[in-house]
Amino acid sequence: MPMFIVNTNVPRASVPEGFLSELTQQLAQATGKPAQYIAVHVVPDQLMTFSGTSDPCALCSLHSIGKIGGAQNRNYSKLLCGLLSDRLHISPDRVYINYYDMNAANVGWNGSTFA
């Protein structure tokens with residue numbers, strides 16, 4: 001059930017076609033979870049600053065049932081900052097990513113939970 005959310009001040013017109021699909025496939029590979037359970041939400045055109053400037057930046061979160069922790073999070077940060085840099089031209093030092101290890105009983109899907 002990984003869910004990746006990107007809030008960014010990058011304009012919608014600068015988000016390349018296929019970017020969400022690419023994030024989905026890369027996260028599936030990185031987490032080892034099926035792409036069918038991965039949700040990606042990119043929210044462009046946000047009023048944001050980072051380090052006091054409105055240069056391109058992103059505030060992100062990755063929620064997952066398991067697969068969250070020290071070494072894994074460093075790998076995700078490298079992957080996701082790389083994609084945000086390559087595709088949206090956001091410098092990695094202008095990205096924060098918060099990681100959330102979700103309890104399966106606290107994640108609803110398809111009329112039930114993952115527990």
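Quick reminder: no glycine exception, Cβ is built from N, Cα and C everywhere.
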Co-listed substrate-binding residue [Swiss-Prot; alongside ILE65, ASN98] among LYS33, LYS78: LYS33
Extent of the substrate binding site in Å [max Cα distance among LYS33, ILE65, ASN98]: 19
Distance from ASN98 (substrate binding site) back to LYS78 (N6-succinyllysine), taken between C-alpha atoms, in Å: 13
